[in-house]
Structure formats: structure tokens, C-alpha cells
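Noted in TrEMBL for the protein shown:
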| type | residues | note |
| --- | --- | --- |
| TRANSMEM | 12-28 | transmembrane segment |
| TRANSMEM | 40-59 | transmembrane segment |
| TRANSMEM | 71-93 | transmembrane segment |
| TRANSMEM | 99-116 | transmembrane segment |
| TRANSMEM | 128-152 | transmembrane segment |
| TRANSMEM | 164-187 | transmembrane segment |
| TRANSMEM | 199-217 | transmembrane segment |
| TRANSMEM | 229-252 | transmembrane segment |
Amino acid sequence: MNITREKLENQQIWIYGISLLFGGILGISNEDLGKGLDWAISPLIAILMYGMFAQIPFLKLREAISNLRFMAALLIGNFIAVPIIVWILTMIFPQSPPILLGVCLVLLTPCIDYVIVFTQLGKGNEKLMLASTPILFVVQMILLPLYLWLFIGEEMGGVVHIEPFLEAFLLLIVTPLILAIITQLWAKKTALGEKVLDITTWFPVPFMALVLIVVVTSQIGKVYSDFEIIVRVIPIYILFLIITPFISRFIAFVFKLDIGAGRALIFSTGTRNSLVVLPLALALPDSWATLAAAVIVTQTIVELIGELFYIKAIPKLILKDHTDYKEGL
């Protein structure tokens with residue numbers, strides 16, 4: 001059977017769904033294997049990002065970053081609308097401090113890595129999403145301590161350390177980005193470079209599947225052992241995934257964004273920094289680290305399932321091609 005890249009991309013939802021299921025079964029049935037895969041999460045995400053970045057025409061990034069309306073909508077959506085949504089949900093579903101800290105860490109920090117992949121898969125403007133990642137990173141670093149103080153209390157602001165977060169950003173975004181640019185420049189000058197660039201077009205789907213398998217396999221044991229506690233946050237995550245697209249659609253309407261930019265905004269506000277903030281949770285004191293990490297991993301699983309719906313629902317139902325934003329408002 002001849003497998004083409006197009007066939008692989010057309011079957012990606014089933015591939016990701018099977019990956020989630022396989023990772024869950026593998027992690028629960030073999031806990032030692034799961035613990036041994038922790039080290040593989042970051043390298044696999046980095047390779048995934050490299051493959052994704054290599055497909056983006058960087059000469060047009062200046063045009064993307066100059067889209068001030070999109071940037072304004074992105075900042076308002078992620079740092080005003082989302083915190084309000086999170087505050088309301090945590091008032092409706094109150095949690096103990098360690099659980100609340102995990103929820104805040106993951107829901108108050110917009111994704112700066114695989115959201116680019118999902119934006120592309122959901123027919124959004126991935127160039128805008130890529131261009132926004134440095135801005136999102138800086139702003140969330142500035143605001144996260146303030147959010148933690150507002151949501152949890154002054155003493156929690158000192159719990160979060162910047163070093164693991166900065167290290168993850170450099171590993172998962174900056175390094176793959178530089179390598180992708182080098183690959184594109186190489187492809188312009190040599191046939192070998194062009195061949196390497198062509199090979200990278202195969203990376204996104206299989207490496208996303210590998211990331212899902214490894215993350216779920218390595219972390220599902222933490223969720224399973226504290227399930228009676230963790231299950232209480234699942235309604236928060238599900239409602240967050242349902243509410244944010246419609247709020248973001250309204251923001252896109254207010255800022256008169258085009259369809260691609262509007263979809264990018266929806267993916268950004270709905271996709272959280274779960275895999276990147278995991279090191280932050282693990283850096284907490286032992287009694288807090290276990291629960292906070294389990295809460296974040298639970299969000300990862302719920303979100304990845306939700307993203308499978310997002311990549312179909314956003315372009316086909318929530319923000320269709322050539323539709324008027326006023327429809328459904």
C-alpha cells in the first residue's frame with residue numbers, strides 16, 4: 001500500500017485518537033515503562049516543532065507580526081477574556097490550593113508550541129500564530145505571578161520559577177525555529193537541502209502521534225492514582241473548551257479579523273501551555289508537585305481530545321469559509 005502525505009493528513013484524526021488510546025493502555029498496564037519515557041517528551045515536541053516550522057514561509061512573517069489588530073485581539077482574548085472565564089469556572093467548581101494552582105498554571109498560559117500545528121490543521125493562519133509566540137511568552141511570564149496572586153494568594157507567586165519555563169521555550173520554540181530557518185536557507189542553495197526540506201513535510205502527523213503516545217504513557221499513572229481528586233477538574237476543562245471558541249469568535253468579529261486570523265485566535269485561546277508548564281509543576285514542593293502535575297496532565301488529555309474536535313468543528317461549524325461573523329452571534 002502506497003502511503004502518501006496527503007493520505008496521512010486525511011487520516012490524522014483517527015491516528016491521534018488511536019495514539020491517545022494506545023498511550024493510555026500502555027501507561028496503565030506498564031507503569032515502569034511510563035516513568036521511563038519522561039525524558040522523551042521535550043525532544044519529541046522539539047522535533048515536531050522543527051517539522052512544522054520548516055513548512056512556514058518565514059519571508060512573510062514580517063507581514064504577520066505587523067497585523068496589529070490580530071495581536072490586540074490575541075492579547076485581549078488570552079489575557080483578559082480567558083482569565084475571566086477561568087475565574088468564573090473556578091468559582092463554580094472550587095478546588096483545594098494545590099489543584100487550583102495546577103488549573104491556573106495550565107489555563108492561564110496560552111500555548112506557544114503545538115497550537116501552531118493545530119492551527120494549521122484547523123485551516124487557520126499558522127504564520128500569525130508563529131509570529132505571536134514570542135509576544136505570548138513574554139506577556140504570560142509577566143502576568144502569571146500576578147494571576148497566581150489574584151487567584152490563589154500572595155504566597156503562591158513565589159512558588160513558580162522562571163528557569164524551567166524559559167528552558168522549555170528555548171528548547172521547544174527557539175532551537176527548532178533556528179534549525180528550520182537554516183534548513184530553508186540550505187534548501188535555496190543546494191539540492192540536498194531541498195530534499196531535506198521535502199522530508200520535513202512528513203514530520204507533523206507522525207511526530208504529533210508520538211508526542212501523544214509518550215505524554216499519555218508517561219503521565220497517565222499520576223492521573224489514575226489520584227483520579228478521585230483529579231476528576232473534579234474535568235468539568236472545568238470541558239467547559240473551557242466549549243466556551244472559549246465562541247468568546248474568541250466574538251472578539252474576532254469586534255476586531256474585524258479575516259477568517260484565517262479568526263481561527264488562529266480561537267485556537268490560541270482554546271489551547272493551553274500544558275506540555276510546557278509541566279516542568280513548572282514538577283518544580284513545586286513534593287506535596288504540591290504530584291497533584292499539580294496530575295491536574296496538568298489531565299488537562300493535556302482533555303485538551304488533545306478537544307483539539308480533535310476543534311480541527312474539524314472550527315473551520316466547518318464555528319468559523320466557516322466566507323461566512324459573516326454576525327452569523328450565530
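Glycine is treated like the rest: Cβ placed from N, Cα and C.
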- Query: At an 8 Å Cβ cut-off, counting only pairs 6 or more apart in sequence, do the transmembrane segment (40-59) and the transmembrane segment (229-252) clear the bar of 3 or more pairs?
  - Reply: no
- Item | Any contact, the transmembrane segment (229-252) to the transmembrane segment (99-116), with at least 3 Cβ pairs under 8 A | yes
- Do the transmembrane segment (199-217) and the transmembrane segment (12-28) share at least 3 Cβ pairs closer than 8 Å, excluding pairs fewer than 6 residues apart in sequence? yes
